[in-house]
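According to TrEMBL, the protein has these features:
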- 23-288: domain 'NADH:quinone oxidoreductase/Mrp antiporter transmembrane' (DOMAIN)
- 290-342: domain 'NADH dehydrogenase subunit 2 C-terminal' (DOMAIN)
- 59-79: transmembrane segment (TRANSMEM)
- 91-115: transmembrane segment (TRANSMEM)
- 152-171: transmembrane segment (TRANSMEM)
- 178-196: transmembrane segment (TRANSMEM)
- 202-219: transmembrane segment (TRANSMEM)
- 240-258: transmembrane segment (TRANSMEM)
- 278-304: transmembrane segment (TRANSMEM)
- 324-342: transmembrane segment (TRANSMEM)
């Protein structure tokens with residue numbers, strides 16, 4: 001793909017995202033979602049590999065269905081209430097349809113079926129966009145309509161997402177699929193608390209974007225797509241692998257790293273809302289995803305590649321570590337001490 005085409009698609013992606021997050025009218029939000037979908041499709045299929053074409057086709061069909069459901073729910077709400085304002089979604093049927101549509105756009109269970117396959121068929125940078133930027137508009141719509149959504153339905157979807165995201169990622173060897181199931185699991189944490197504290201959900205989302213971006217950029221710099229390749233990178237790029245280890249542990253939510261902050265605050269909020277069984281369930285289910293994060297970290301830093309000589313291979317770095325990766329890794333691991341300030345800001 002030539003640079004001019006990439007520039008056009010990137011500007012279209014930015015335009016669609018901005019249009020959706022800044023609009024108050026349902027039709028404008030729907031138009032932004034459609035622009036986003038059309039802008040990301042050429043990026044998914046730019047390699048012209050059959051797997052990439054299949055991923056682009058699946059993504060188009062799912063996103064078109066979800067956008068049609070968003071438009072249908074808004075029209076249904078306008079029919080009964082006369083309101084096209086996003087914050088005035090009050091009809092229960094419209095709320096149910098909209099929850100399903102946004103769950104389909106985000107990849108929240110039970111509408112998660114498309115995300116691992118699409119991410120597997122996409123390049124790493126496109127997968128990063130799918131995991132972060134493309135989730136921002138639907139997450140904004142979920143934030144703006146959080147007062148109208150059904151808490152019981154969202155809790156069930158959240159627990160199911162955390163369970164499936166952890167369970168289905170256990171036996172994977174493709175790193176992009178592991179990160180897709182990681183995304184599904186994190187979406188469960190975001191969905192469970194959004195009816196009670198939407199700002200906390202957005203904080204979780206921002207920190208997830210930060211940590212996932214660091215992981216994707218590190219993997220892209222090392223050109224790693226499978227666990228078997230990841231095992232051979234320590235002798236070549238030890239600094240990048242050490243950064244990847246810390247970021248993965250933070251993504252798993254282990255203290256004292258940054259990823260522990262949103263889980264800690266979400267469990268605290270659920271306890272305040274007398275949802276102790278839900279808090280215990282989602283905390284225990286997150287141990288499933290902890291297993292494959294530790295597996296990734298083990299492959300990246302502890303396993304050495306097979307070699308015939310009796311001495312360790314000398315460390316050598318093919319290129320200097322990217323400054324952006326270093327900054328994002330530091331932020332992904334060291335923000336927990338300033339959690340009172342972060343909590344006060346939201």
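Cβ atoms here come from the backbone N, Cα and C positions, even for glycine.
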Close approaches to the transmembrane segment (240-258) from elsewhere in its chain (Cβ under 8 angstroms; 6 or more beyond its ends): 182, 207-208, 210-212, 214-215, 218-219, 221-222, 233-234, 264, 286, 289-290, 293-294, 296-297, 300-301, 321, 325-326, 328-329, 331-337
Same-chain residues at least 6 beyond the ends of the transmembrane segment (91-115) whose Cβ lies under 8 Å from its Cβ atoms: 33, 58-59, 62-63, 65-67, 69-70, 72-74, 76-77, 80-81, 130, 135, 138-139, 141-142, 145, 148-150, 153-154, 157-158, 160-161, 163-165, 180, 183-184, 187-188, 191
CB contact flag for the transmembrane segment (152-171) and the transmembrane segment (178-196), at least three pairs under 8 A: yes
Chain residues outside the transmembrane segment (202-219) and at least six past its termini with a C-beta under 8 angstroms from it: 124-125, 127-128, 131-132, 135-136, 139, 143, 175, 179, 182-183, 186, 189-190, 193, 225, 240, 243-244, 247-248, 250-251, 258-259, 261-262, 265-266, 322, 324-325, 328-329, 331-332, 335, 342, 346
Whole-number mean of pLDDT values that fall within the domain 'NADH dehydrogenase subunit 2 C-terminal' (290-342): 73
